[in-house]
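Inspection log for the structure reproduced underneath, given as structure tokens.
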């Protein structure tokens, strides 16, 4: 990373702490690097960076994801005979882990000896944790095996990471439990993290009774459960339809002064909504807000989905408004839930209003929600045909302009609507457009056209047009 040298009037007795202070004052990493470089320019009275100023600059570069510059800087440290500490090298490893580049973390780890740094237990555990976090489990197991082969003894930290790796898959959870049972024999007493990891793994694969037993053991051994432990258990209980028991754990954790987080509340709301208790989930939502815990996208999606499923559409709409006020933008999938909810209670005009709001707001369906959007749009048009034919036709035109295919049933509803109004020629034109788009009308549509004929000449001309388009 090149930087333009900034012209500072440095004092005669410049110190690394002064340089760090100036670098810290620069929010832009390139300007901070320019300060760093200027300190060693010719006019700077022979100042040489030490480990603290080098280390600070490496951290700044890593934080800005400028990894090449950070690695170049540690090479410069070595050239200038400045000791490259393990902590500086690990900061680069962690940075690569943060941006999901585990192989680069491993590469830097293997370069440690090039900088006269013999990796410690801490270094091994740090890289092992990165490999597990990035789901490089086979590599993690080999890495752990290498730790043991070079004579590094197991520690609580290293065994915790290994157990976490084993708890990622249903088939290896028992191996994780086996290591847990053997920990005391190896002089490693399980801690809160050990128990929490196992409880989370057991719950993930539906082994709730075992998780509860382990939780009880944890408390009996004065190993304090954390909010993560409680949340894992609550989520597991909700997933196995034991919502009331999960609610009791919520009360228990609050009584112990452990504040539930957004994931705790969202898990419970999901369980309540799936149990048909969306209003109770709303009460929990209000409690969550009162305690200063801000809901996230998952929270709102869970509640709105549950409310719409129980046809409590007004409550869902109010929640959507609150979501917007919080600065969270509903996606096409969430709008689709509300629109479908209105359709379920035959409020098609309101459904159309929300569809318009979604389109005007620039909210477009993605690959996953496109089919639902097509289905919902067609459903709204069909519903509008009975009492709001003009609105139905406007929405139909909007659908065509946005490339949304018109279903056969929707075409039939529109034709029926137009024929009922006596707009037969318009109905024929509509069918003509749809046929051109590649949609084949149903027998019902043909019968409607013929059945509502008032002028046989018009019918004959229209039929000829349609048959010609169909190449019959």
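Cβ coordinates are placed from backbone N, Cα and C, and glycine is handled just like the others.
Long-range contacts of the repeat 'PPR 1' (50-84) within the same chain: residues 1, 16-17, 19-20, 23-24, 29, 32-33, 36, 39, 91-92, 94-96, 99, 104, 108, 115-117, each at least 6 residues beyond the stretch ends and with a Cβ under 8 Å from a Cβ of the stretch. Annotated repeat 'PPR 1' per Swiss-Prot: 50-84, in sequence order.
DSSP assignment over the repeat 'PPR 2' (85-119) gives 26 helix, 0 strand, 9 coil. The feature repeat 'PPR 2' is assigned by Swiss-Prot to 85-119.
Mean predicted confidence for the repeat 'PPR 3' (120-154): the pLDDT average there is 94. What Swiss-Prot lists as repeat 'PPR 3' is 120-154.
Sequence-distant contacts of the repeat 'PPR 4' (155-190), counting only residues of its own chain at least 6 positions beyond either end whose CB sits under 8 Å from a CB of the stretch, comprise 121, 124-125, 128-129, 132, 135, 137, 140-141, 144, 147, 197-198, 200-202, 204-205, 207, 223. Here Swiss-Prot flags 155-190 as repeat 'PPR 4'.
Look at Swiss-Prot and you will find 191-225 tagged as repeat 'PPR 5'. Listed as Cβ neighbours of the repeat 'PPR 5' (191-225) (distance under 8 Å, sequence separation of 6 or more from its ends, same chain) are residues 156, 159-160, 163-164, 166-168, 170, 173, 176-177, 180, 183, 232-233, 235-237, 239-240, 242, 253, 258.
Swiss-Prot lists 226-260 with the feature repeat 'PPR 6'.
As annotated by Swiss-Prot, repeat 'PPR 7' applies to 261-295. Within the same chain, residues 227, 230-231, 234-235, 237-239, 241, 243, 246-247, 250, 253, 302-303, 305-307, 309-310, 312, 315, 319, 326 sit at least 6 positions outside the repeat 'PPR 7' (261-295) and bring their C-beta atoms closer than 8 Å to a C-beta of that stretch.
Summarising the annotation, Swiss-Prot assigns repeat 'PPR 8' to 296-330. As a summary of secondary structure, the repeat 'PPR 8' (296-330) carries 26 helix, 0 strand, 9 coil according to DSSP.
If you look up Swiss-Prot, you'll see 331-365 marked as repeat 'PPR 9'. Residue counts for the repeat 'PPR 9' (331-365) under DSSP, split into helix (H, G, I), strand (E, B) and coil, are 26 helix, 0 strand, 9 coil.
Beyond its flanks by at least six residues, the repeat 'PPR 10' (373-406) meets 332, 336, 339-340, 343, 346, 348-349, 351-352, 355, 359, 365, 413-414, 416-418, 421, 433-434, 437, 439 of its own chain at Cβ-Cβ distances under 8 Å. Look at Swiss-Prot and you will find 373-406 tagged as repeat 'PPR 10'.
Marked as repeat 'PPR 11' by Swiss-Prot: 407-441.
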